[in-house]
Each structure stands twice: as structure tokens, then as C-alpha cells.
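Participant: Below are the features listed in Swiss-Prot for this protein:
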type	residues	note
BINDING	GLY37, PRO38, SER39, GLY40, CYS41, GLY42, LYS43, SER44	ATP binding site
DOMAIN	4-235	domain 'ABC transporter'
Amino acid sequence: MSKIVLDNVRKSYGGNIEVIKGVSLEIADGEFVVLVGPSGCGKSTLLRMIAGLESITSGTISIGERVVNNVEPAERDIAMVFQNYALYPHMTVRENLAYGLKNRKTPKEEIERRIAKAAKALEIEQFLERKPRQLSGGQRQRVAMGRAIVREPAAFLFDEPLSNLDAKLRVQMRVEIKRLQRSLGTTSVYVTHDQMEAMTMADRLVVLNAGHIEQVGTPIELYEKPASTFVATFIGSPSMNLLQSPESAPWQPGRAITLPSGGYTFGVRPEDIRILEEGDQDADGFNAQVRIEAVELVGAESYIHAALSDGKPLIFRVAGRSTHNIDEMVRVGASATDVHIFGADGRRVSD
């Protein structure tokens, strides 16, 4: 196990197209860190730079106590798991697991020990003599993980490994990956564009945007105190409602809110908005009169899509099945402790 340190890492193509813009990050020994962001944000490029599959333009990357800028991928003591399983179709599962170890001249007894240990942990013991075409997608992904595990590397690098799986299997596999990582205690870097995967798996999240880090923290820190409007809308589903400074008063900040001078953006999450019944006092954080446009029942709760008086959308959540009707006018509010205020530059200004 080893820590991974990135110090002002940059990557440019053609000398003037910079895709990684001075990223600095320290990943602790045994930590599970998820790089998350939209397509094109640089997360896979950054992972490939750690792996040595992409050169770096400037800065340093260290794995353990060793700077690996000029170290070949095979010598970095890392193991990668990709979106495509990359299994040899003519080999059995056992042979796929053993292949890399044989190339490294690992003793036969040690190979068998590692295969047995990985197969037991991944529950693929009964598949060892099968070939990849005889396995399901989830089983193939387990074999791909097993091939990484038998390496006993200093770090695991995962590049969107669950993208090819259906929704139910993705949920199962993300739990298995996290359980396995905890039992092995191996430093892990995981790339995904799926914020649900990121939130449920990470010890810490790294949100990337256009080649730079927007925010680093635990999932709950990023959810409760997003550092920018970008993080606020990317983390959480449905995303946070963001309202610009009102010109014609389609909504009102509550009495407990102090607003910055100049332009600002006001944020409130759907679950923090409540319907105010007749006779209820205004909320101390946020108030608005809205028209209901659509209701989504998603099991134990409903999401109500509404419109402010200026036509801007507002989404809020209610428990159970909503009894409200389309085109109904309702008054909504939120507590001051649940609102988020961002300055004109999009950065957080509220505590």
C-alpha cells in the first residue's frame, strides 16, 4: 500500500491546449478516492497520467516515496481495471488470472495462492475453469478485478469499470468493490461520471471541471457545503435549485438571510423546500409562490416540478404520494440553515 501525491500536475497537447491545469492532490495510504466530473473534465486523463499511460507536461507524480514521472507503467506497482474487461477469450479464468504473474516469473505456488485468495474474495471459485464467453457481464468484471488483485499492487486504478453493466448489477458491484477495497486496504483511485457511484463509494470525492479541481472532500461535505455552483448542481439528484438575484421578486429571501452586495446566486436543495399551508408563517430562509407543472412519483417520495412567477423552474420533494394537482398554486419555503449563497463568481459565500 502507498500514498499517491500529485504536485501541480499539468498536461498539454500541441503546446497550447491544456487539459490538466495544475492539479495538486494527496491520496492517503489505503484511501478510496473517486475522481468525478462531466465528460471532458480530465478525470480519465488524470488517471492515465497516474498509471503512466499518458505523459505529463510538468509537475510531479509520486507513488509511495518514489517520483514516477519517468517510470514505465509496468514498473509503477499499480493495477488497472477498465470499462472493457480486456480478458483473453481463449484462456480460462484461471489462466487469465495467472497470466501477468507468469510474465513476472512469480513462483507457481505463489500464483496458486494468490488466485485462490482472489477467487474466494470475489466468489468466482466455481468459474476458474470457464472461459470468458461462458460468463455474464458481472462475472467477467469480477475476473477483471481478480486479475488486478492477484498483482497485490501498491494501488488500484479503476477507469469507469461499471459502465457496461445494467443498473441493478452496478448497484451490486459498487458495494462489492467498496467491501473488497476495505478488506484489502489498498489505495484506490476510481473514475466515474456517475455522481451516485461517486457519493456511495468514496472516502473522498475530487470534483473536476475543465481540467482543474473544483472541490475535494467527503461526500457529505460536498453535498452539504458545495464550494461552487458547479459542485452544487453536479452533486445531488435532482440537482440543487439555483436562483439568480430577483429582478421582479418572483421569490424572496427570508428574514434570517444576509445577502452579499452585487450579484449572487441563491441555492436550495429539493428536499429542503416544504409546502407552507394556509396560516403558516413565512420561512426564515426562502419563500415563493409557485405553480405546479408536473409530479413524479418515485416510490416513497414524489418530486414536484413547479414554476416561479417569472417562469423559472423549481423542484421540491414531498414524502409519499403527492395529492397536489397540475396548475395548482402553492406557497413554499425553506429554513435559513438549508440555503446556500454563491457570489457573482459562482463561489460559495455562505457558511
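The backbone N, Cα and C atoms fix where each Cβ goes, and this holds for glycine too.
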Participant: Check LYS43 (ATP binding site) against DSSP and tell me helix, strand or coil, would you?
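Facilitator: Its secondary structure by DSSP: helix.
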Participant: Within 8 Å of the Cβ centre of GLY37, PRO38, SER39, GLY40, CYS41, GLY42, LYS43, SER44, which other residues of the chain have their Cβ, at the recorded ATP site?
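Facilitator: Filtered neighbour residues, in order: HIS193, LEU208.
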Participant: Determine the most Cβ-crowded residue among the binding-site residues GLY37, PRO38, GLY40, GLY42, using a 10 Å radius around each Cβ and all protein chains in the structure.
Facilitator: GLY37
Participant: Tell me which residues of the chain lie with their Cβ under 8 angstroms from that of SER44 (ATP binding site), as long as they are six or more apart in sequence?
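Facilitator: Once residues fewer than 6 apart are set aside, SER44 (ATP binding site) is near ASP159, GLU160, VAL191.
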Participant: Out of these binding-site residues, SER39, CYS41, LYS43, which one has the fewest other C-beta atoms within 10 Å of its own C-beta?
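Facilitator: With the binding-site residues SER39, CYS41, LYS43, fewest surrounding Cβ atoms within 10 Å: SER39.
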